[in-house]
Amino acid sequence: MDYIGIRRALHQIPELGFEEYKTQAFLLNEINHLPQDRLEVKTWRTGILVKVFGTKPDRTLGYRCDIDGLPVQEETGYSFKSEHEGCMHACGHDFHMTIALGLLERLTTHPIKDDVIVIFQPAEEGPGGALPMLQSDAFRAWKPDMIFALHIAPEYPAGTIAIKEGLLFANTSELFIDFKGTGGHAAYPHLANDMVVAASAFVTQIQSIISRRLNPLDAGVITIGKITGGTKQNIIAEQARIEGTIRALSPESMTSIKDQIEAHIAGIEAAYQCRAALDYGANYYQVYNNYVLTRKFMAFCENEGHGLTVCPEAMTGEDFGYFLKEIPGFMFWLGVDSEYGLHSSRLKPDEQAIAKAIEVIFGFMASGEHS
Ligand SMILES: CC(=O)N[C@@H](CCC[C@H](N)C(=O)O)C(=O)O
């Protein structure tokens, strides 16, 4: 299988969550070209579930990848850059899919003892495909006994495996707030309620939730990634919208941060005599690695001489956390050595990591050391 060619082809057709139609067709075509005698394939919305029958199965192993892109205008300078204006695989899901296809090729040409489900999950970046997929009849019928996944990590050398037991990724919640006040002439502020000022005050105030309300030994993040509002430079804005994300290391801290955000909204409404409509969008449960399976995977990597690093938890989110809430398993970082990070328009992961990841995942599945 031409991993590099596949990754580059996928890189050219990024699609947003639940719109991955070309991606799904591309993946199905690749899967159809594999030996079919041990395969069964199902689609679920824009995702795909593939079962590979083992030679003498005791259990079913699950491996999941995500397939959606981000609304980012690519600036890599690649000759194979995205053909979809304003959309890019800026979080490495082109790598994730290629690795899952490579794994399928190995499993079909070198069958292992256990059954394997390979999951191509849509909409990880939003609105979240893991939870509805997990609850679907298609998935329930094939629910594996253990499950694992990876995410590329630009900060580690290509091919490095970085992992820890327990909490790996944070709880996340999106944050959307629409402020509605009274517009007016720029020269008569006393006759209006300026929503650019109200939204700006809110954005600066809420950082004190992290610095003053959260236990400093805990950790949280509130990032506002987008603000829009108003109509023209000399018209006081009647409306403004902020879009952001909240991160917390426990579900309890997430609830507490949200309570504080709501208190600040009430304060802004009173002070600026406006209305604020709040929407938490997609919420992801923390990624919590099963201790026993993670240690078995770490021992396998060490014994096989795969470069292993024990990493700290990260404030990134992943809806794979929902799979791990129900099924024992783990997620790990795969080093891809890129100067630019995740979600950057210049992300350029090192393609050498792809073959390495396939070797590690297939090797671990074939080793039987997961039971
Ligand atoms: C690995 C990674 O970058 N994941 C995303 C998940 C997005 C969650 C959701 N859309 C949000 O923005 O809260 C991340 O931003 O961490």
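The backbone N, Cα and C atoms fix where each Cβ goes, and this holds for glycine too.
Now, the feature entries from TrEMBL:
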- ASP66: active site (ACT_SITE)
- GLU125: active site, proton acceptor (ACT_SITE)
- CYS91, HIS93, GLU125, HIS151, HIS343: Mn(2+) binding site (BINDING)
- 177-267: domain 'Peptidase M20 dimerisation' (DOMAIN)
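Features as recorded by TrEMBL, highlighted on the structure.
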residue	record	DSSP class
ASP66	active site	strand
CYS91	Mn(2+) binding site	coil
GLU125	active site, proton acceptor	coil
HIS151	Mn(2+) binding site	strand
HIS343	Mn(2+) binding site	coil
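Note on GLU125 (active site, proton acceptor): other Cβ atoms within 10 Å of its Cβ, all shown chains, come to 21.
Separating the Cα atoms of ASP66 (active site) and HIS93 (Mn(2+) binding site) is a whole-number distance of 6 Å. Ligand 1 lies under 6 Å from the Cβ of CYS91, out of the recorded positions ASP66, CYS91, HIS93. Surrounding the centroid of the Cβ atoms of CYS91, HIS93, GLU125, HIS151, HIS343, where the record places Mn(2+), the chain contributes additional residues within 8 Å, namely ASP66, LEU70, HIS89, ALA90, GLY92, GLU124, LEU342. Counting every protein chain shown, 15 other Cβ atoms lie within 10 Å of the Cβ of HIS343 (Mn(2+) binding site).
Look at the domain 'Peptidase M20 dimerisation' (177-267): DSSP puts its residues at 39 helix, 30 strand, 22 coil. Across the domain 'Peptidase M20 dimerisation' (177-267), mean pLDDT in this model comes to 97.
Cβ environment of CYS91 (Mn(2+) binding site): GLY69, LEU70, GLU124, GLU125, ILE152, LEU342, HIS343, LEU347 lie under 8 Å away, each six or more residues apart in the same chain. Taking Cβ-Cβ distances under 8 Å and a sequence separation of 6 or more, the neighbours of HIS93 (Mn(2+) binding site) in its chain are PRO14, CYS65, ASP66, ILE67, ASP68, GLY69, GLU124. Taking Cβ-Cβ distances under 8 Å and a sequence separation of 6 or more, the neighbours of HIS151 (Mn(2+) binding site) in its chain are GLY92, HIS96, THR316, GLU318, MET331, PHE332, TRP333, LEU334. There are 27 other CB atoms within 10 A of the CB of ASP66 (active site), with all protein chains counted.
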